[in-house]
Amino acid sequence: WFLEYSTSECHFYNGTQRVRLLERYFYNLEENLRFDSDVGEFRAVTELGRPDAENWNSQPEFLEQRRAAVDTYCRHNYEILDKFLVPRRVEPTVTVYPTKTQPLEHHNLLVCSVSDFYPGNIEVRWFRNGKEEKTGIVSTGLVRNGDWTFQTLVMLETVPQSGEVYTCQVEHPSLTDPVTVEWKAQSTSAQNKMLSGVGGFVLGLLFLGAGLFIYFRNQKGQSGLQPTGLLS
């Protein structure tokens, strides 16, 4: 037995401003022939596809028909789907965190997690103290969630110094303005001081609440007592 099939892919850039049609032909799961509208003719991927490529390229009418499919197939279907898929916009959720909880001035990987967004075209940039980082950036690329939304991780390799501010900036068609999320590099002592301050504040609130509770309870008890020593 054998398996022979083909696929048609429409690639859109900036709406329908630029459209690329890619038709791929397979034999037993191996691609042997393709038509690329950017090339304008059939090209053999393996020797098995060479006879078909030569045959179809020698037929001007058939070749012109495949070139026109950019409009008759791709742009035509885009206009149909435009009513549902293209206008759909889902804003991304952005979070920033380090992969390791370790002292500063050690190699670390900062992660900018961008999730649950649609469409898939998105731009994620890293900044350190307001200056864009161009090197040390690793990305997972787009990952499909299976519900018409996407996610991606864009990581920055760095050695954080105390006081530095790292910013992940995300631009997406669903956003009127870029979203920025900051991560501030703090020493262990600074983190401990901050946690102590927060803990003291919470403890103070607890004591205040307990004091108010006792005060109002006593006030209620006193208001319920009957006056004594009055002559009738």
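Glycine too: its Cβ is placed from the backbone N, Cα and C atoms.
In Swiss-Prot this protein carries:
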type	residues	note
TOPO_DOM	1-193	topological domain 'Extracellular'
REGION	1-90	region 'Beta-1'
DISULFID	C10-C74	disulfide bond
CARBOHYD	N14	N-linked glycosylation site
REGION	91-193	region 'Beta-2'
DOMAIN	92-182	domain 'Ig-like C1-type'
DISULFID	C112-C168	disulfide bond
TRANSMEM	194-216	transmembrane segment
TOPO_DOM	217-232	topological domain 'Cytoplasmic'
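A map of Swiss-Prot features onto the structure.
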{"residue": "C10", "record": "disulfide bond", "DSSP (3 states)": "strand"}
{"residue": "C74", "record": "disulfide bond", "DSSP (3 states)": "helix"}
{"residue": "C112", "record": "disulfide bond", "DSSP (3 states)": "strand"}
{"residue": "C168", "record": "disulfide bond", "DSSP (3 states)": "strand"}
Between the disulfide-bonded residues C74, C112, C168, which lies closest to N14 (N-linked glycosylation site), Cα to Cα?
C74
Neighbour count (Cβ, 10 Å) for C168 (disulfide bond):
23
Fewest other CB within 10 angstroms, which one of the disulfide-bonded residues C10, C74, C112?
C10
By a simple count, how many Cβ atoms lie within 10 Å of the Cβ of the residue listed as 'N-linked glycosylation site', its own Cβ left out?
8
Length of the line joining the Cα atoms of C74 (disulfide bond) and C168 (disulfide bond), in Å:
35
So how many of the residues in the region 'Beta-2' (91-193) end up helix, strand or coil by DSSP?
6 helix, 52 strand, 45 coil
Which whole number is the mean pLDDT over the topological domain 'Extracellular' (1-193)?
91
C10 (disulfide bond) and C112 (disulfide bond), distance between Cα atoms, whole Å:
30
